[in-house]
Amino acid sequence: MPGTISFRNVFISTDVICVKFFGPYVFAGVGGILKIFELLTKTCVKEVEVFKGHKIYGIEPGEKNLIIIFGSKSVRVFKFSHAQTEIQMSCVASISLEDWVLTAHWLSDDTQISLVTAHNVIWLWSWSENDKTELMRAGCSEKCILYSATVCGKDWESCVVFAGTVFREVVIWLPSGSGMCDQPVLHRLVGHNGVIFSLTWDWQTSSLCSTSDDRSIRLWEFSFPHKSDWQSSTVTCSNVFYGHSARVWRSIMFENFIVSVGEDNQICVWSRNGNLLQSINRSTSGCQWSVDCSAKHQLMVTGAGDGSIQLLPPPSPRAVPTAITGPFPEDLLRLIDSPCVRKLAFLSSGVIVAATEDGTILRGDSISTPWEIVCKDVRFSNYCVLSVAPSRTKFSIASLRGEVILYQCTAKDGKEWTLEQQLEDGKIWSLLWLSDQEILVCGDEGRLRVWQISPEQGVNMKCIGQFTLPRSRERWPTCGRLLTKNSQNFLLCGDRCGSLHLFSLSGFSQAEVQFSAPDHSLPKLHGKLGVTSVMKHHGKIFSTGRDGSVKMLAVNSDPPQLLLLSTDKMVMDWVCSVITLPSDNKNFLIVGFKEMNMIVWSTSERRTILQIDCGGGHRSWDCMVSSKENLELTYVREKQIYYSSRALETLMKPTLQCGISPRELNSVSILPLVPSGLLFGGEDGTLYVCKFSGDISTLVSRATLTSHISSVRCICVQDNFFFSAGGRAQLKAWQIEHGSDEEISCVELASHMLKGERHPRSPPSIDPEMRYMSLCCIPSTESNSVVQLISGCSDGAMRWLTFDSFNKTFQVVSESMFHTKCVLKLLTVPLNQGKVALISSATDGMIALWDILPEMFTSNSGREPIWSSRCHQSGVNSLHAQVLPTSKASTILVASGGDDNSVVLTALTLGDKEVSMIAQWSNSSAHAAQVTGVWLVGAWLLSTSIDQRLTVWRWKLELEGSTHLTCDFVSQTICSVPDVQDMQIWRDKDFISVCVVGKGVQIVQIPLKPEL
Amino acid sequence: MGKTSKDKRDVYYRLAKEEGWRARSAFKLMQIDDEFKLLEGVKNVVDLCAAPGSWSQVLAKRLLKDGSDNAKIVAVDLQAMAPLKGVIQLQGDITQVSTANAIIDHFKGESADLVICDGAPDVTGLHEMDEYIQAQLLLAALNITTHILKPGGSFLAKIFRGKDITLLYSQLKIFFPIVTVTKPLSSRNSSIESFVVCQNYSPPADYIPNMSNPLLDHKYTDWNQLTGSNRVIVPFLACGDLSAYDSDTNYPLELEGRQPYQYRPPVQSPISPPYEESVQLKKSKGLGKCVDPASSSDEIIKSAEETVNKLNLNSE
Ligand SMILES: C[S@@+](CC[C@H](N)C(=O)[O-])C[C@H]1O[C@@H](n2cnc3c(N)ncnc32)[C@H](O)[C@@H]1O
């Protein structure tokens, strides 16, 4: 019986096209669902399905807690109420128009709403709760398609329509002119060079703001010789704002600012006179579709293409650090020969220690306490290495002749003391604090010593390890940390040449003369410009470098080994350090430089929270988060010391909803070894490892792997390995480690590019532009260090590959050009007795069945399918199969979905000698667009398509007597994810879960009926 | 990336350059015509949304044999288009009445045998909205078509096969008994682009063409449900000879049975994009700074009386 199946939507993440502040809440449209977030708790307190089958495009709060919600051709009026803790949203009126609604506007009588639709028509909708609605229409003489419109005015008589046409103009007209005929255009605003995507009117300033395809924002100012008389009004374009590097979707006028958001992932804050005050780049969240500001809460909110909803600080003028003018008072200056500051660092909040050219060490407060000379020593003139301990209670200076002075600034007992010791004979190239008790000192020829500081005052430091850095041009370390793994101690340090070295610290005796070489190194890990920092944070090791990246590493103790886990490319040219946050142990701040700017980036919001024009990275600087949670910065520029302190809470704001991917997801797979683990591969070249928790309906990101150079089109999983491949003929192997407390780490084992490799039987040239379209692993029963893979490629080849997990290498064994056309999908089907069949499909509608023999992976023997047939007219985008329990030979039921709208079921019997097709069923109008997912589960067949429908069918194969295959439509639902590319289904106790991916992710659960 | 990388990635892009077509779309029209024989016996044809003009090139090549003027080709686009021999060109928005009237004027008395429309809007990335605007473009083309197409004539138009495509199918079915959706081999498998071939134009008996109101698409009804087994889905027919190149497949630069590969620049340099000024400012480091509106290009504010005539007639 059709329609008896219920579909339960349990998770949705897709473009957030509108966000709005409403009282102490943020309203956001996610697909057709309205989500209400409470600002106090930052959690979603209510979800209402407003529309089925289309998205919410606008939310307009009015008087008396009434809210208009519109999207596509529908408009609804809701009444908001809350009794105690329960929020109610009741729909009090609704209407469906014949055309796309671009804007909705409350008139002063709250039973009247004006609406503008896409063919430049305005409607007056008089609604009432008892369904008595009236609709009045007014048209304009300019009839064309609009991309945007807005309305201003208190009532129908004084209403004005602003309409953005495809012809790059804004036309302004009054709906209530004379007669019933089309109204003339009053003003025509010309200037934009592209489609107009949004219009915003502001009464306070009598101005209109337009945003466009031409990447600009225009501000139009109106003047009225006669109060509110539009007929006599004049308009001028007062400013054009260029700053976005892609299309500008929306703008709002807020206080004296204009805020715009666009396709370039940016939120720009402008002064009305055209200066860009601030630009917030949410690079990993994609298009910024929507924005709103609240004066009351001093907040901004934005909705993005990755499904994220992010709170942001309100628009504000650009932050300028204060120059500590004339840092040194006159009386001090007399004592200093050369007051030019060479190096500086923070000792505590606001307290700076500085070394001048002549070797004077000064300490001062940026605000109140006067500067004082700590020491003035000729041995430290012209050359002085100044470094501060992690706790900032100690600092050190080191000289050209090997002398080191330690300063304990504020000991527990409040005493200050110093310690001087000769640590090298010659120049100290670098001195790094490994902890508050250990320093690393580098002498000539890369000689390294770790010194331990006694807690007792006046006791000399003791050497606890000595090493040598590999020979290089600039042979000294730039950063170091001590680590413990399996109760063994290690020194990890990075050098000027971008390499990381691991040294074992155990078993050192004072009599040692040997300077041991690294136990393991990762040469040039950060390119050739140098490693800038290494740090440990909650069990994870990070390194940063002048290659603009942050890398996550792991250490193995036996044998000592450094492993690269992942690389995160930052928005800066140089990444310099990682700063932990006192009240957040999951996230941290990353400091770096881009061009002339110092940049502070937050890992929780994945954006720059502070950007200061300091002149660039070649200078002394320091940055810290104080105990009062202020972000403090200091740097030297043109001999001046600059200082800035900003409360973190004014720079960072909570995320209301996390996003997934800014672009389309191409594939999804479950991770069998990770409970509720899902792996996604995206058009943005990123792999996302997530966990789905059904009870709270959220998808939590566990790892984001960004190293592919082009899109990821296909993934496949085998035990704790997974493989990803896609554009530019790139293929990667990963290992997933599932540690304690939910931690997942993924290690990139190998990366392979087909370019250059040639095989005797391969086509004339392998093209680096080739894309891997599909990938599958051959399941093996015995545990084997070699994984066998088959790939389908866009050059028409299928390639047999092996991955040796021990040597971490891929090898292309052989290939088949059977398909000749772009191969789209591959699927392995385990048969009985460990045999494996493979099904392949291509853009010409062909489906082939292959017998996979072990020798195919060792020799380049002949490769022909055992059966093939043209099952579709064009591309076969999806495949699934099920082995049927029949008495005789194995029977495989193959489901396929094509570009030709059709779903086909083919029953194949595998005999000893030959394969025969015993039955076939097809429905050529199963969907209205490309079928991109099919799945057989029990007696059900599920299919999905670019038409956003998810259909359940029931199939039946009769083998007794004449073979007969039938399949009937059971039920259908509509998904909120556009451009569906892949589907994954898994079975739980009493329901199945369906995950569809495309421009977003949706998970639907279908309760299992007894009949399945 | 090298300048040949696009040639490697897209065989039709490269073939278009080799054969002198202004856009790779030319192959789509040729493959559709080979299958449906739409150009057979055609005298009058309208090419809507024609720029840069490769479909017009195909029309000229296939209809104006031996240089004779035995067929009339009218091409319309928002954008200006380089002249083409034997093609009458109009610049205008096909959703505007004035444009429709200008086309109708050209056919004074006569009717067209075929209307084709390869229009595509500025896509926003919001699929639902893009699909809607694409549908409106198609309906605008259909509206013009109802004024000029002779009964029994054909209509070919680009569609986005998306979420609400069945609404368009049910609308087209009112005017054409035979509606087929087709995808030429030169359209990518992954693309949502397809074409509807509507044949044997037979408007309802009481239908009066009306340009002053746009045709709007349908709503979901019992016989064309939002979800369910009753949906209007028209037959699909893949077109393009199986031996033809497949646009998803990567081919080596040296193609079998063709001249040795040689890099060629595009036939038609791209029309100036809307973001030209922004890119210019970026180069001169002028982004984010105050721009004097009077200095930026063609800044004019017109009052209602000075309506501009956006239809430049430049036939050749
Ligand atoms: C894909 S191109 C057409 C290519 C063309 N058939 C060829 O072969 O060269 C789409 C065209 O539609 C045009 N277009 C989009 N909206 C339009 C409108 N409202 N009126 C007229 N042309 C429009 C665009 O300017 C663009 O040139």
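Here the Cβ of each residue, glycine as well, is placed from N, Cα and C on the backbone.
In the three-state DSSP classification, B:Lys158 (active site, proton acceptor) falls within a strand. Marked as active site, proton acceptor by TrEMBL: B:Lys158.
Annotation comment: TrEMBL describes B:Gly53, B:Trp55, B:Asp77, B:Asp93, B:Asp118 as S-adenosyl-L-methionine binding site. A coil conformation is recorded for B:Gly53 (S-adenosyl-L-methionine binding site) in the three-state DSSP classification, outside any helix or strand.
In the predicted model, the domain 'Ribosomal RNA methyltransferase FtsJ' (B:21-201) shows an average pLDDT of 91. What TrEMBL records for B:21-201 is domain 'Ribosomal RNA methyltransferase FtsJ'.
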Mapped DSSP class for B:Asp118 (S-adenosyl-L-methionine binding site), helix or strand or coil: coil
Cβ atoms near B:Lys158 (active site, proton acceptor) (within 10 Å, other residues, all chains): 21
Among B:Gly53, B:Asp93, B:Lys158 (the recorded positions), residues with Cβ under 8 Å to chain A, listed in sequence order: B:Asp93
Residues that sit under 8 angstroms from B:Asp77 (S-adenosyl-L-methionine binding site) by C-beta distance, when 6+ apart in the chain: B:Leu48, B:Cys49, B:Ala50, B:Ala51, B:Gln89, B:Gln91, B:Gly92
B:Lys158 (active site, proton acceptor): nearby binding-site residues from B:Gly53, B:Trp55, B:Asp93, B:Asp118, Cα cut-off 10 Å: B:Asp118
Tertiary neighbours of B:Asp118 (S-adenosyl-L-methionine binding site) (same chain, Cβ under 8 Å, six or more apart): B:Ser25, B:Lys28, B:Leu29, B:Asp47, B:Leu48, B:Cys49, B:Ala50, B:Trp55, B:Ala157, B:Lys158
Residue with minimal Cβ packing [other Cβ atoms within 10 Å] among the binding-site residues B:Gly53, B:Trp55, B:Asp93: B:Asp93
B:Asp77 (S-adenosyl-L-methionine binding site) - helix vs strand vs coil (DSSP): strand
Distance-selected recorded positions near ligand 1 (C-beta under 6 Å), from B:Gly53, B:Asp77, B:Asp93, B:Asp118, B:Lys158: B:Gly53, B:Asp77, B:Asp93, B:Asp118
